[in-house]
Amino acid sequence: MKMNRNFNLLLTGQSLANIGDVLYIVSIIYIIFELTGSATAAAFVPFTITSSMFISNSLTPLLMQRFNLKWLLAGSQMGKTILLTGLAFFLPQLSMANFYGLFLVISLVALLDGCANPVTQSLIPNYVKSDWLLKANGITETVTQLIQTAIWFVGSSLLIWLAANELVWLTAALFLVSSLLLSFLDTVDFTPSSNHGKWKQISQGWKTVSTSPVLKRIVWMDVLETIAGTVWIAAILYVFVSDALFADEKWWGFINGTFFLGLIAGSLFCLRFSNWIEQKLSQFIFLGAISSSLVTIFFGLTSLPTLALFFSFLVGASSQIKNIPQQMVIQTSVPKAQLPTVFTTLGAIGTGTFGIASLLMGVLADAFGIREVFILSGILLSIVSLIAYKGRILLWRTV
């Protein structure tokens, strides 16, 4: 399928930024662990990122009132370029006395990412014809998951040949190229009313979501799915491999890998059968949710590592079969002018829920057992499928 210039620029620019994001996280976690020897300090990185992105998602509507979406996106990548360049100069002087400064950089980068993500999601419907929207979402998800799958491995391998500081320089270069590409995007008209106070600007997306029956249902589904999805974070999955499968660490990596391969397979399925799926959005949202529920429960009950690999793949595929059609429902549920504030609201809800649920799921795993949290995850996903089934009339493209 031939896409237009703007979509290609957006996809390429954001793909380079996504590669940079992974390499940057790999290098930061490596630096912190090598310096402190503390797994807790390294684990604080994702917590810092989640917290900062929640704040960013909440405040981004204020920036949208003042800056064009195109320049907001390009500027966020340029800001990351400046931060990573400063970090590269700072790292040779890094010590235990000042390593907490790393978390300031991590927080600032996450603030910029929290701004970039909803803008990207809002721009896709503006650059792609409505008939190609599902395909565009499928392509975007496929490329994103390919990057997630490959670059985590590549990033770790690069540390064999490159110093962490050199990897940071490489990341800064990727962000620079990304910002240059994004600056060539055509300007999108987005002129929200500016005669509101700051609180009304921030709450605009929340109001839109709360008054839309479709978006309210999707929010409930997303909250439950996000809570359920925290069982797949590295710490909980590691315990499952050790205590439930009685397997060594390599299976932890294998299960992670097959999960991402499942995400890619689900994205490719949606891309291949986009015309069919577009006619049955609500059915595929329900199918993806109920499949994820059943397979997650099977995963939690199995004691065979090979079966766990198979179920992990199916969970990844099922989640994409649900989420890509759901993304199209969101993109067509309100006028394009309201999409940026809607996506910032959904982003804030998602990151806030994930941060709290990650801690809660760890506590539940310690209290009740590692298998039990996967069964709980499956039950939550079954509730998601029930919500999707009851709202099947609403879960349809409406604009």
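Each Cβ is built from the backbone N, Cα and C atoms, and glycine gets one as well.
Range with TrEMBL annotation transmembrane segment, chosen from 39-59, 60-80, 186-206, 312-332, is 39-59.
TrEMBL lists transmembrane segment for one of the ranges 83-103, 251-271, namely 251-271. Within the same chain, the transmembrane segment (7-33) stays apart from the transmembrane segment (368-389): fewer than three Cβ pairs sit under 8 Å, each pair at least 6 residues apart.
If you look at the transmembrane segment (337-362) against the transmembrane segment (218-239), you find at least three C-beta pairs under 8 angstroms, all six or more positions apart, and that counts as contact. The transmembrane segment (139-161) is not in contact with the transmembrane segment (368-389), judged by fewer than 3 CB-CB distances under 8 Å for residue pairs 6 or more apart in sequence.
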